[in-house]
Amino acid sequence: MSSVLLRTESSASSQIENLTVGARQLALAVLGEHSNRNARIVTANVHAMEAAISLGGDIDAASILAMHRALLGESDPAHAGRWRDEQVWIGGSNIGPHVADFVPPPHDRVPAAIADLIRFTRRDDLPALVHLALAHAQFETIHPFTDGNGRTGRALVHAMLSAR
């Protein structure tokens, strides 16, 4: 039953990113059979969620990078498991961040921001839902990767939940 729930959660997490796949295509991808691109990406999300859950709450920078590597290793190996090395922005145009909806911190501040996030994930003085929501918001605000931040952030929430 847990594997069905994991695949369902991974599919739902991917749908937020407009990555949809049917149950048959997902099953083929999980079995390593010929499948479409979205099915392979959702299967990678399953692997990232599995990596997150297996942490048992032992979250550090290396484990966040490992979740991201599991997520994007096949589809974007050049960036998988690496902090971003360029400025990114959300919304607006491809030309520059001047009309962006959100501009995360510069890439050279990502390691320190992640270290702060990791310290926050280890706190035990907050109600669970508040702790998870704030950690997820902090992660998404840092936006440490060029792609896959949303799915990695949701996997991080699972890692934190597995520690409780």
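Cβ coordinates come from backbone N, Cα and C, glycine included.
Taken from TrEMBL as is:
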type	residues	note
DOMAIN	59-164	domain 'Fido'
ACT_SITE	HIS143	active site
BINDING	ASP147, GLY148, ASN149, GLY150, ARG151, THR152, GLY153, ARG154	ATP binding site
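Structure with TrEMBL features highlighted.
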{"residue": "HIS143", "record": "active site", "Cβ within 10 Å": "21"}
{"residue": "ASP147", "record": "ATP binding site", "Cβ within 10 Å": "17"}
{"residue": "GLY148", "record": "ATP binding site", "Cβ within 10 Å": "25"}
{"residue": "ASN149", "record": "ATP binding site", "Cβ within 10 Å": "21"}
{"residue": "GLY150", "record": "ATP binding site", "Cβ within 10 Å": "17"}
{"residue": "ARG151", "record": "ATP binding site", "Cβ within 10 Å": "26"}
{"residue": "THR152", "record": "ATP binding site", "Cβ within 10 Å": "25"}
{"residue": "GLY153", "record": "ATP binding site", "Cβ within 10 Å": "23"}
{"residue": "ARG154", "record": "ATP binding site", "Cβ within 10 Å": "23"}
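Between the C-alpha atoms of ARG151 (ATP binding site) and the residue listed as 'active site', the distance comes to 11 Å. When the domain 'Fido' (59-164) is classified with DSSP, helix, strand and coil residues number 59 helix, 2 strand, 45 coil.
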